[in-house]
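Asker: There's a structure below that I have some questions on.
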């Protein structure tokens, strides 16, 4: 009898050791997910501004085709300084702009543009001097050792190009991080050549009948983009599936232990089995949510596709001028609350999906999004969630499978699959590297890596 008790205790210790190993594994998964969530969390960091820290501004001045513009003149003016007021930071006008009367607090994009113009007029009227520099052969120039505050960047006179003045804050709160070293990429808009009236002729001429243009006009608006220098991570495009296996495994172990111990200790058995049932119920709940979310995503992408096609048909019928996206250089239409640059078709998966631009996590909940690149430049990269109705099955595409992209402009690009690979979530450089005309990617089933499909243009 004594020997039997010893064997039973040893058996319990073995199961407890197994439980500890499973909990340790689950703890590691949990820490990894929490780390991912902490990277995307945001907070009010303006209370943490170090007003004594120096910053810098680097400019890359290039054209819409990413061609650098050399010997371009820019002048930098400090219009406001950041002053510590006992735990929080405020902007105070400085550098000769104290009497300008321009409101600099909580500016929208349009208000920032208007404020830049007003500050420039004040500078000209009061002859305020700034720090003037010219871009090098690579279109770059920089200012270092700058105090915290707000700066006005003003382009000089140029013969072939132009761009707008803009306001730059040091530091800038970007993705919940305070950046003291800013990288600014103003795009150079080419100045059209002057048109001279024709010389008058003594002979009578027949008036020329002007025909309406057949091609859609493209309106280009220059803008300033801020780039973060810190390492990036590819978007998280997967459903929350890892807890299902973890909760199921721990719940099963607890249920078994409850049954095993229950033969001797009823109270302890009930607690273990109750906890096991609770964990199993959690796994079932997450599974049910994922099923609902997949159905929601299917309905959302169908609604977005219908709205996009209706808006595109209306624009084509009315011959309206289409705007162009500054980053991709592609025309777009607005529908269902998003901007759309085209339609993606994968015949072997029976998928027809609209493509939104730019990408964001709320947009990815509706449809695939342009991550970077352009179809016109043969560098388009599209990201989407691993919902079945989105990119959930792209890892099954064989080599040679056909993929089509129809742009808003009506241009059709036909590709074929070259290879399918799996990348680390931090492999941003690998995702962007290679001479691929089209790239599609989404998360693996567990969400830890990215399934990536590389395609080449046919013909």
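Yeah, the Cβs are placed from backbone N, Cα and C, and that goes for glycine too.
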Asker: Check each of the ranges 161-188, 189-216, 217-244, 245-272 against TrEMBL and return the one annotated as region 'Disordered'.
Answerer: 189-216
Asker: Between 130-157, 298-325, 326-353, 354-381, I'd like to know which one TrEMBL lists as coiled coil.
Answerer: 298-325
Asker: Does DSSP give residue 385 (active site, proton donor/acceptor) helix, strand or coil?
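Answerer: In three-state terms, residue 385 (active site, proton donor/acceptor) counts as coil.
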Asker: For residue 443 (active site, acyl-thioester intermediate) and residue 385 (active site, proton donor/acceptor), determine the Cα separation and express it in whole Å.
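Answerer: Here the two Cα atoms lie 7 Å apart.
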Asker: What does DSSP assign residue 443 (active site, acyl-thioester intermediate), in three states?
Answerer: strand
Asker: I'd like to know which of these active-site residues, 385, 443, is least surrounded, judged by other CB atoms within 10 A.
Answerer: 443
